[in-house]
2 protein chains.
Amino acid sequence: MHLLVIQRILGILLMIFSLAMLPPLFVSFLYLNITFDAFFYSFAIILISGIILWLPVKKQKQELRIRDGFLVVALFWTILSLFGAIPFILSPDPAVSITDAIFESFSGLTTTGSTVLTGIDDLPESIQFYRQQLQWLGGMGIIVLAVAIIPMLGIGGMQLYRAETPGPVKDTKITPRITETAKALWYIYLSLTVLCALGYWLGGMSLFDAIGHSFSTVAIGGFSTHDASMGYFIDKPMIEVVAIIFMFLSGINFALHFTAWRHRSLAYYLLDSEFRAYVIILILVALITVFYLHNENVFPGFDRALLHGVFQTVSIGTTTGFTTHQYHLWPGFLPVLLLFVSFIGACAWSTGGGMKVIRFLLLLKQGIREITRIVHPHAVIPIKLGGKPVSPRIIDAIWGFFSAYVAVFAIMLLILMMTGLDQITAFSAVAATINNLGPGLGEVGDNYASLTNTAKWILCFSMLLGRLEIFTLLVLLTPAFWRR
Amino acid sequence: MHLLVIQRILGILLMIFSLAMLPPLFVSFLYLNITFDAFFYSFAIILISGIILWLPVKKQKQELRIRDGFLVVALFWTILSLFGAIPFILSPDPAVSITDAIFESFSGLTTTGSTVLTGIDDLPESIQFYRQQLQWLGGMGIIVLAVAIIPMLGIGGMQLYRAETPGPVKDTKITPRITETAKALWYIYLSLTVLCALGYWLGGMSLFDAIGHSFSTVAIGGFSTHDASMGYFIDKPMIEVVAIIFMFLSGINFALHFTAWRHRSLAYYLLDSEFRAYVIILILVALITVFYLHNENVFPGFDRALLHGVFQTVSIGTTTGFTTHQYHLWPGFLPVLLLFVSFIGACAWSTGGGMKVIRFLLLLKQGIREITRIVHPHAVIPIKLGGKPVSPRIIDAIWGFFSAYVAVFAIMLLILMMTGLDQITAFSAVAATINNLGPGLGEVGDNYASLTNTAKWILCFSMLLGRLEIFTLLVLLTPAFWRR
Ligand SMILES: [K+]
Ligand SMILES: [K+]
C-alpha cells in the first residue's frame, strides 16, 4: 500500500469537495436562508481538513498500483460522505441527529435517494439545493468509478470493458487515458443535465426546481425538493414525460451516448445488445404494470394508469426512485415486481444502480446455454456478446458477482431483521439501498426516519456495497488483500 | 422419443403403485375404518389403469435414450401424484376437494410435507397411514432419481457423481449398475426406517405413530399423524432427540452411509467435504437459533430453548419440516433465517430437498476464488473437492443451477402474489415447496388449506420443480428438447 500517496489524494479530494459548499452558500445568500453560516463553516472545515491531510505528504507522488485502487475508492466514498454530512449537522434547519445527517449524505453521494427528512418542501432552499447537488456530484463520481476504476480493478466481470470491448463501445478507446475518457463522458453528463433542466423548466417547474431535479434525474438519484417527489407535479404531465425521457437516457451506457453522438447516428444504440435488453425489459415491465393497474382499477382512468405505470416502471427499473404516487401501497404484486426489476437495474457505465443490464443479459445467455447443454451434452456453445465470444473468466466473474449479490442481500436482510425490522421492510430496505434505488416498502415506503440508528448505519453500508459493486468492499475485508 | 416404451414403463409403474393401496387397506380392516372401500377401489382403479396403459404396448422394449429420461421422470412423478390422490378423493373422511386431494398427494410423494388437512388426529388411521406411506415411497423414488437418473441427465452439476466421484463416494462404483446401486441404498433406507421406528417406539410413541413417523422422518417428508406435528410428543423429549438424530442421518449422502457401513468405519464421514459443511452449517445455525431464542425469552428455560432450537434447526435445515412449536411465530429473524437455510438443504443423494450442501459448498469455494482472483489477477486457482479439481463444466452447471433456482423462485413468488397472496406468505410458500420443506410462514405457517385453488396448483408445480432439480422440468419446456 502507498498509504501516504492515498492520504495525499484524499487531501486533494477534500479540498476540491469543499468547493461544493459554495453553490449552496450562494443559494443561502440569495434566498436569505439561516444556513449561510452552516455552509460557510462546512466549507472552511472541509478545506482545512483537506489541507491538513495533504500538507505533510504533498511530495508523495509514487504511481499507485491497481491494488491501491480498492482502498482509494472505498475511502473516497466513505470520507466524502462523512464530510458531506457536515452542513446537515451544522444547519439549524433541518434539526437532525448525526446519524441522520450521515445517512442523508451517503444516500446523496451514492445516488441512492433514500431520505430520513420530512417536510422537505419547507427546508431552506440552500439545503434543498445541497441535497440535489450531492446526488449530481455522486453521479460524476460514479462515471469515473464505472468507466475508469472498476474495469481496472477487474470486478464482477466489468473487465469486459477493459481490453477489447465488443461492438460499438470499442470506439470510445479513441480517448484511451482515464481522465480523457471520463472528461468526454462528463460532457455528456453535463449536456444531459442542461437539457433535462430545460425540459423541466419548459414543462412548468420553477427554475430552482428544474435545476434541482435535473441534478437528481441525470444522476439517477431520486432526491426531490418536495415530500411528494415527482407527484408534486402530477397536474403537469409534461414534467412527468420529461422525467421519463431523461431517466431512460441516463440509464444508458454513457459510452454508447458518446459513440452515437460522435458519429451522429442513432444506429449505434440499436446495435448494442445491452441497450436492446434494457429497452425490452422496461417495455415488458411497463406493459404488465399498466395492465395490472388498469385491471385492478387503481386509478379512475386508463390515462392515469398509463402515466403512473410507465413513470414508476422507468423510475424503479432504472433505480432512480422518483415517485408520482405511493406506489408501495399499490396491490402487493406490483411493488415487489418493480423491486425485483431494480435488481437488474440500469446499463453499465451509467449512473444507475442494481446489478446492471449487461450482467443480467450474460446470466440469461448462460442460463439458456446450460439448458441447451443438457439437451446437447456434447455441443460447444460459446457465450457471445455483439457477435464476439466472452471469455470464460468474465463469465465466472459475473456468476460470482451474482452469487455474492444474492448472499450479501440475504445476510443484510437477516441482520436488519435482527435489529427488529419486519420482513417486508427489511427486504425492501436492503433492495432499495443495495440497488441504490431509494424508496422501499412497508415502514420505509416513504421515509427511513423511523428506523433505529443501527439500521441506518447498516443501510449506509448497504448503499456503499451496492455503489462499489460489492467486491471493492468485500476484498478489503480479506486477509489476502492486506498481505505483502 | 420412445413414447410407446415410456407408456409401457408408466403402465408397469402404475401396476406396482397399486400395491401401495394394500397396506392402508389392511389398516382400514384392522381399525374398522370407513375407508376400506376407498382403498379397495383405488387399488382397482390404479391397477386397471396400469394394465390399460401397459397391455397395448407390452412388447415395446427398445432401450431408452438419455433424453427420454427427462420425460419419464417428469411423467412418473406427475402421474403417480395424480393417481395417489384417488384415496383422498374416494374416502368419505377427510371430505376434500379434488385440488386438495391432489395437493396432498403431490406434497406426500415429493416429500414436501405441506398439508391442506386439519383435524389430522381425528382422521381414519388408514388415511393417516397412507399419508405417511406416500412420503416413504416418495423417498424411495428420490433415491433412484438422485443416484441413478439426475447424474445421468447431467443436471445442475450432479454429473459430478457420474464419472470419477471424488473421495469416498467413489467406492460406491463397486455396484455400477443403476438398479444395484439403488438397491444397496434402499437397504440403508430400510435399515434407517426400522431403527428410527424402534427409536420412536422406545421413546414412547405408539407402534402406529412410531412406524408412521419413521416413514416421514427418513423420507425427510415431515407429514405427521398429529396436527401439532412432533409438538404432540413434547412431553417426551427422547422422541424429539430420536427425531433430531434420524433427520440428521437421513440428510446425509446415502452413498456415504453405504461406504462407511461397508468399511465399518466412521472416518469416511469426516473425510467427506459435503458432510463436514453440512455439520458446520447445522451447528452454526443451531447456535444462533438457541442463543436468540434464549436471549428473547421465547421459552421459560434454557433447556426448552435448546431442545426447540436444535430440533427446529435440524428439521428446517434438512428440509424435513417437522415442528415442535409454532416456529413461524418466533421473532421474525429466526423463521427467515431457517427458511434461508432450507435453501441450502440436505446433502446430495439423500432424500432431502433444497439446493443441496454440495452445491452450496462449491458456490462458496467459487465465491472465495473470485475474491482471490481480484487480489491476484494472474493466479490460476482450481476449485477442488476432496483434493481433486472440479471441471469448469460442472462449475458452470452449478452456477447455472443456482441462477435458475433464484430466477424460478422470484417468478413463482410474483405469480403467487398476483393470485392475491401477501408477500410473506408467497415468499415462504414458494420457499417451502421448491425446497420440499413443508411448512411456511404467514398464512401457510400451519396449513395450506386457506389458499385458492390456483395457488395450490402453482405450489404443486413448485414442489415438482424442486424435487426434479428444476432443470428436468425446464428442459421439457424448451423447443430444442422436442426437436429431432
Ligand atoms: K436512486
Ligand atoms: K419436507
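Keep in mind that glycine also has a Cβ here, set from the backbone N, Cα and C atoms.
Computed from a predicted structure; not experimentally measured.
Annotated in TrEMBL:
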BINDING   B:Thr111, B:Thr112, B:Ile220, B:Gly221, B:Thr319, B:Thr320, B:Asn436, B:Leu437  K(+) binding site
TRANSMEM  B:12-32  transmembrane segment
TRANSMEM  B:38-57  transmembrane segment
TRANSMEM  B:69-90  transmembrane segment
TRANSMEM  B:136-163  transmembrane segment
TRANSMEM  B:184-203  transmembrane segment
TRANSMEM  B:241-263  transmembrane segment
TRANSMEM  B:275-293  transmembrane segment
TRANSMEM  B:329-349  transmembrane segment
TRANSMEM  B:397-418  transmembrane segment
TRANSMEM  B:455-482  transmembrane segment
Next on the checklist: What residues elsewhere in the chain lie close to the transmembrane segment (B:275-293), defined as a C-beta under 8 angstroms and at least 6 residues from its ends?
Outcome noted: 248, 251-253, 256, 269, 299, 305-306, 308-310, 312-314, 317-318, 330-331, 333-334, 337-338, 341, 344, 346-347, 357, 360-361
Checklist entry - Within 8 Å of the Cβ centre of B:Thr111, B:Thr112, B:Ile220, B:Gly221, B:Thr319, B:Thr320, B:Asn436, B:Leu437, which other residues of the chain have their Cβ, at the recorded K(+) site? => result B:Thr110, B:Gly113, B:Ala219, B:Gly222, B:Thr318, B:Gly321, B:Thr351, B:Gly352, B:Gly353, B:Asn435, B:Gly438
Checklist outcome for this item: Within the same chain, the residues 6 or more beyond the ends of the transmembrane segment (B:329-349) and with Cβ under 8 Å of it are 143, 146-147, 158, 161, 169, 185, 220, 250-256, 274-275, 278, 281, 285, 288-289, 292-293, 296, 298, 312-313, 316-319, 355-360, 405, 428, 431-432, 435, 437, 440-441, 445
Checklist entry - Is the transmembrane segment (B:38-57) in contact with the transmembrane segment (B:136-163), using three or more Cβ pairs under 8 angstroms as the rule and ignoring pairs under 6 apart in sequence? => result no
Checklist entry - Can you name the far-off residues of the same chain, 6+ from the ends of the transmembrane segment (B:12-32), with a Cβ under 8 Å from a Cβ of it? => result 38-40, 42-44, 46-47, 49-51, 53-54, 76, 79-80, 83-84, 87, 124-127, 129-130, 133-134, 137
Checklist entry - Under a criterion of Cβ-Cβ distance under 8 Å and sequence separation of at least 6, what residues of the same chain contact B:Gly221 (K(+) binding site)? => result B:Gly108, B:Thr111, B:Thr112, B:Gly113, B:Gln132, B:Gln135, B:Trp136, B:Gly138, B:Gly139, B:Phe215, B:Thr320, B:Gly321, B:Thr351, B:Gly438
Checklist outcome for this item: Reduced DSSP state (H/G/I helix, E/B strand, rest coil) at B:Asn436 (K(+) binding site) is coil
Checklist entry - By the DSSP assignment reduced to helix, strand and coil, which category contains B:Thr319 (K(+) binding site)? => result coil
Checklist entry - What count of other C-beta atoms do you get within 10 angstroms of the C-beta of B:Thr320 (K(+) binding site), across all chains shown? => result 35
